[in-house]
Structure formats: structure tokens, C-alpha cells
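According to Swiss-Prot:
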- CYS79: active site, nucleophile (ACT_SITE)
- HIS187: active site (ACT_SITE)
- GLU189: active site (ACT_SITE)
- 1-212: domain 'Glutamine amidotransferase type-1' (DOMAIN)
Amino acid sequence: MLAILDYKAGNQTSVRRALDHLGIPCVITADPAVIAGAHGVIFPGVGAAGQAMNELLTTGLDKVLKDQVQAGKPLLGICVGCQIMLDYSQENDTKALGIVPGECRLFNAAWTEEDGTPIRVPHMGWNSIVQKRPCELLKGIEPEAEFYFVHSYYPAPPESYVIATCTYGEEFCAIHGGPGLWAVQFHPEKSGRPGLALLRNFYAYCKEASRA
């Protein structure tokens, strides 16, 4: 079973629907015991980093998440979840979780597309990613597959944590982390076949890890 972290940050229901479609058992929960008993945790989020962190701190779920990561529980952050896994976000000048080193930065409106057109912020719509190093999440997914993005800020971890990038005016990190600890800036639950494949891969990894 996968635990979808319930901290009033938006897209838990759409994540659950995607997992239901795949036949993957899951529950939306804020119960530490349920989270501890799950094969893995999905940490979704939409909205503002400051508000999301306030919810985590108010409910104590920040500590629950960190404890599970320390215990080796697989974790998948999505969108704002991906951003606040880092140390800091420029959005609302937010001290974040610090699970992964790095910061989250606002897109530079001076960046331009290849034809010289200024980018629009937020970055919204389908865009391809380029894999930089092997990752279990991307098994069987076509190179440069397209995923659905909606965001004004982007993660900027150290290069050694960058798994895949996307280009929107300039190249930015689209997936970061390491084995069992991943974060994706796009929305896999809204990304059609590639997104469903990524969620399926995460669950397969979680099940295998639980047997180890």
C-alpha cells in the first residue's frame, strides 16, 4: 500500500485516482501509524511553499516525513512536495524540509525560448524531460517523454542529485533525488501514459524494497 500524505495541499485526490486506475492500493492519510505501515509515501502538493510548510509544521507531519526518510521508507515528492523537500524556497522566503540539499528558485522572466520569445511564468503545459542518470522511476519510459507541468518555481539541487532536466528558456531540474528518495516537478498523475508508468515504477520499487 502507498500512503498519500494528507496535509491539505491540493492534489491528493487526483493522485489517488491515478493509483486507483493502476490498481495500486493507496490511502490518503495524516496518521503516522498508517504512514509507517505503508510500502512507500507520496508527498503531493500544489499552491504556495510557505502555506504547505505551515501545514506540515502545524500538524507535525514534517517530523513524520523526516522520520520515515531516515528509516529508509521510499518517498516520492510531486510539484510543491518536490520543492519543499529542499532546504529553502524563494517563494514566501520559506525554510523548507531539508531532506535534499538545494533551493527552489523563481523562473527568470527574462529567459527566452529558442525563437527569442520571452517565457511566460508560470510554466504551464506539456514539456519533455531529458534523463541525466539511471533512475528506477523512468524504467520503460521513452527518452524525452513529455509530462505535464504547472509551476512558477523550480528545484535547484546540487548537480549530483539531478536525475532529469527540462528546458523552459533555460535548463532546470525536473527530477531530483536518489534511490528510494525522489522528487518530480511535474504532475505524473496528470501526465497520461508516461506519468502512470512512473507511478507504477515507484510502487514496484516500494514493494521490492519492503522485501529486502
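In case you wondered, yes, glycine gets a Cβ from its N, Cα and C as well.
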DSSP-derived structure type at CYS79 (active site, nucleophile), helix or strand or else coil: coil
C-beta crowding around HIS187 (active site), within 10 angstroms: 21
Arithmetic mean of per-residue pLDDT over the domain 'Glutamine amidotransferase type-1' (1-212): 96
Packing count at GLU189 (active site) (other Cβ atoms within 10 Å of its Cβ): 25
Set of same-chain residues at least 6 away whose C-beta sits under 8 angstroms from CYS79 (active site, nucleophile): ASN11, PRO44, GLY45, VAL46, VAL150, HIS151, VAL184, GLN185, PHE186, HIS187
